[in-house]
Amino acid sequence: MSQDSQHGKWTISDSEDEDNIPPTPQKDSNKPSIKPDLERKPDTITTFFKQEPKLSPKRNEDNHSVKEPSAPAMGSEARKAAHVNQTIPVKYESNPSPSVKRKRETEEAGWNLSSSDDETPAPAPKKEPKKSDVNPKKKKTEDKRPPSPHGTSYYKEEPADFFETNLLSMNDMYRFYLNKVTGIPKKFNTGALHIKEILSPMFGTLKESVQFNYCFDIPWMVEQYPPEFRDKPVILVHGEKRESKARLIQQAKPYPHIRFCQAKLDIAFGTHHTKMMLLWYEEGFRVIILTSNLIRADWYQKTQGMWMSPLYPRLPEGSPGTAGESPTNFKSDLLEYLEAYRAPELAECIDRIKQHDLSETRVYLIGSTPGRYQGPAMEKWGHLRLRKLLSEHTKPVQNEERWHVLGQFSSIGSMGLDKTKWLAAEFQRTLTTLGKAGKSLASPETQMLLVYPSVENVRTSLEGYPAGGSLPYSIQTAQKQLWLHSYFHGWHADVTGRSNAMPHIKTYMRVSPDFTQLAWFLVTSANLSKAAWGALEKNNTQVMVRSYELGVLYLPSAFNMSTFPVEKNVFPASSSSKGFPVPFDLPPQHYSSKEQPWIWNIPYTQAPDTHGNVWVPS
């Protein structure tokens with residue numbers, strides 16, 4: 001099927017859109033969900049690169065030592081397979097054909113990309129080939145595969161002075177931190193965190209940890225723990241099934257200290273997208289809610305963020321179960337989220353948390369868990385949970401309709417044929433809520449600004465086109481919602497030195513007309529999709545959520561403030577700063593007339609990226 005659009009004429013061979021999910025009856029929330037018989041995974045994408053000889057040498061030609069990954073990351077097959085065979089060059093044509101055919105590859109081949117939750121069904125598993133069809137060539141072993149599309153020497157070992165040696169530069173007021181980025185000036189990493197620092201003795205004497213995530217590279221993850229903690233027990237909470245689950249378990253074979261907990265995904269096309277660490281120390285306990293997968297690419301040259309809790313001490317022996325609660329109800333909300341997994345492997349975790357004092361927490365927890373919810377349960381998860389908190393813990397502001405709603409994300413699901421289907425209806429109504437006196441419907445004057453990288457943002461990024469592998473917005477979805485693109489603003493982050501570090505962070509906020517004040521701020525794993533945030537059903541009497549997600553909400557009232565001032569000098573971080581460190585530039589810049597949103601499964605061959613490569617999915 002050929003379709004014309006502002007992106008050109010593209011040949012579509014497989015739809016990747018939730019609009020094409022076979023309709024299922026809207027069930028009552030008290031009835032069990034039916035598990036799909038077939039686990040369908042999104043198509044894989046074969047991508048090739050052409051080296052342009054005129055560009056300056058790549059950074060990987062210097063003499064830094066390089067570490068090879070020992071195993072592939074686990075996560076969505078679409079993300080992992082998107083970069084298969086990228087190091088094979090293709091002939092560069094001056095007038096390349098715009099036609100794209102989707103090509104299916106074996107599940108085990110492919111690059112390990114960062115996660116997204118676009119609600120894209122995929123074809124049934126490939127049939128076994130006949131013996132005569134089997135290529136007699138020797139299969140390339142996984143450990144020979146370069147760790148990056150740029151070749152074997154792309155990732156550099158960070159020098160010793162890359163890491164913090166003390167906590168003096170940390171701003172512990174908001175406890176919101178960005179990840180360190182390789183390849184930017186040092187001042188923009190002062191007060192940012194790398195996973196090696198998070199797991200280091202700086203923050204406590206680690207005894208045990210629980211890692212909730214979507215993509216895992218287990219050998220790489222183990223190396224991020226310091227040697228003295230490397231054999232301490234770890235539980236991995238994941239959403240893998242069948243073959244991908246078997247491969248994940250296989251990865252962990254050399255590490256007897258690792259155990260698994262499989263998150264139940266009873267609603268089709270949901271994912272376990274939550275990213276959280278529970279760290280148990282000799283000195284107490286800590287929670288980290290973040291946006292990064294446990295793979296090297298996510299901690300290298302992407303903009304990522306996290307909330308790190310204070311160190312929670314143990315309660316005195318014999319304290320009641322309700323002790324140690326925070327004014328934001330964080331303790332009971334975290335326990336309720338963990339109990340929603342219905343997992344025996346987390347029972348000990350839940351009991352331990354009850355024994356700790358979480359009263360110093362100043363953020364609210366916002367989670368999503370798969371299910372269909374009715375009555376009061378509708379407000380427990382997703383965007384209706386956010387709406388409830390904004391209703392109960394914020395106050396209307398003067399000229400409220402002129403305060404912008406801003407969303408920033410790395411993946412986009414299907415929004416429907418026009419904005420009234422979900423975005424400007426239920427979702428915008430949630431984001432525009434300020435106190436109980438708020439209008440019953442989203443104010444038409446309130447402007448919604450959406451920040452998502454353009455093709456030019458990706459092309460000129462530190463990673464070049466491969467950064468787009470973590471921005472999986474498909475042409476099939478995009479063509480059905482061209483109306484959405486008028487909302488888009490580019491990625492510009494000079495304030496944090498991260499304009500060229502493509503975002504995998506997801507943030508949402510309400511910002512004043514002059515962009516100097518925030519009514520609230522949210523950092524989360526949830527992208528712009530109904531699967532992540534939930535969608536109303538049955539005449540608004542039921543909400544259906546497909547995925548697990550987790551984030552934290554900052555409300556000024558919890559900090560004895562009326563609004564958060566936007567910090568103008570985010571880096572180097574200062575422990576005395578009272579401004580909120582928004583990770584990108586405000587106001588955001590609307591796409592120019594020539595700019596297009598990044599779409600990951602169409603070719604970009606007109607101009608090479610920062611490494612002299614072109615992007616040719618086939």
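Using the three backbone atoms N, Cα and C, a Cβ is placed for every residue, glycine included.
The active site, nucleophile annotation in TrEMBL covers H273.
Here TrEMBL flags K275, K506 as substrate binding site. Proximity of K275 (substrate binding site) to non-local residues of its own chain (separation of 6 or more, Cβ distance below 8 Å) is seen for F212, N213, Y214, I289, L290, T291, S292, N293, S525, L550, given in sequence order.
Residues annotated as compositional bias 'Basic and acidic residues' in TrEMBL: 28-43 (among others).
What TrEMBL records for 51-67 (among others) is compositional bias 'Basic and acidic residues'.
Taken from TrEMBL, the feature compositional bias 'Polar residues' covers 84-98.
Feature annotation from TrEMBL assigns compositional bias 'Basic and acidic residues' to 125-146 (among others).
TrEMBL lists S529 with the feature site 'Interaction with DNA'.
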Can you tell me how many other Cβ atoms are located within 10 Å of the Cβ belonging to H273 (active site, nucleophile)?
31
Rounded Cα distance, in Å, between H273 (active site, nucleophile) and K506 (substrate binding site) is 12
Would you find the one among the recorded positions K506, S529 whose Cβ has the most company, meaning other Cβ atoms within 10 Å?
S529
